[in-house]
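This report concerns only the one structure given below.
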Amino acid sequence: MSALRRKFGDDYQVVTTSSSGSGLQPQGPGQGPQQQLVPKKKRQRFVDKNGRCNVQHGNLGSETSRYLSDLFTTLVDLKWRWNLFIFILTYTVAWLFMASMWWVIAYSRGDLNKAHAGNYTPCVANVYNFPSAFLFFIETEATIGYGYRYITDKCPEGIILFLFQSILGSIVDAFLIGCMFIKMSQPKKRAETLMFSEHAVISMRDGKLTLMFRVGNLRNSHMVSAQIRCKLLKE
């Protein structure tokens, strides 16, 4: 049995069966029960090796609203693919919205038709279509600096929109960049270099029966103020 386990690994278990009523080939005289390799049934872990508990609460009522009430923590707990998707989607929508606002101002003032007139002062110089309005917004948001396109003092609504854009951009940057920074600084992958003993034992320690297992650190760096929490499931 030990030779079979070394050969096939721990993913299989040896099952001893008899020929009576099992549908197997009949055994000859003097033959003992047959041994059969059966794949082990994959059991879902109650607690992952990184410490995450695989317990989901259902039928709580208004579960979605509870997650949205703490949106920042919800974004931090999401998987990386959803974080990147929300990150890109939020910036894309914000950029298109603000570029549309600059285009609407230029369109309502008639700057799109008079942009090339020499004696006319537009709200934003050299903005004559939506791509040019989008480029002006990117220059303003990314603080690249004004050159060919710049805002003038003949447009009070443009100044108000410029102030709103600066405040909104700061809020979006602080929220999303802070979320990404906290997610990157979480030590979830650090738990992958912690090895636990495959088997736990119960033995006498200080005159009491004690459940014991070993924990090993694969890295050379030390873990300061480390804490271990265990959960015991029994009938």
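The backbone N, Cα and C atoms fix where each Cβ goes, glycine too.
What TrEMBL records for this protein:
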REGION    1-41  region 'Disordered'
COMPBIAS  18-37  compositional bias 'Low complexity'
DOMAIN    47-187  domain 'Potassium channel inwardly rectifying transmembrane'
TRANSMEM  84-105  transmembrane segment
TRANSMEM  159-182  transmembrane segment
DOMAIN    194-234  domain 'Inward rectifier potassium channel C-terminal'
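Counting residues of the domain 'Inward rectifier potassium channel C-terminal' (194-234) by DSSP class, helix then strand then coil, yields 0 helix, 16 strand, 25 coil.
For the domain 'Potassium channel inwardly rectifying transmembrane' (47-187), residue counts in helix, strand and coil come to 90 helix, 4 strand, 47 coil, using DSSP. Mean predicted confidence for the domain 'Inward rectifier potassium channel C-terminal' (194-234): the pLDDT average there is 84.
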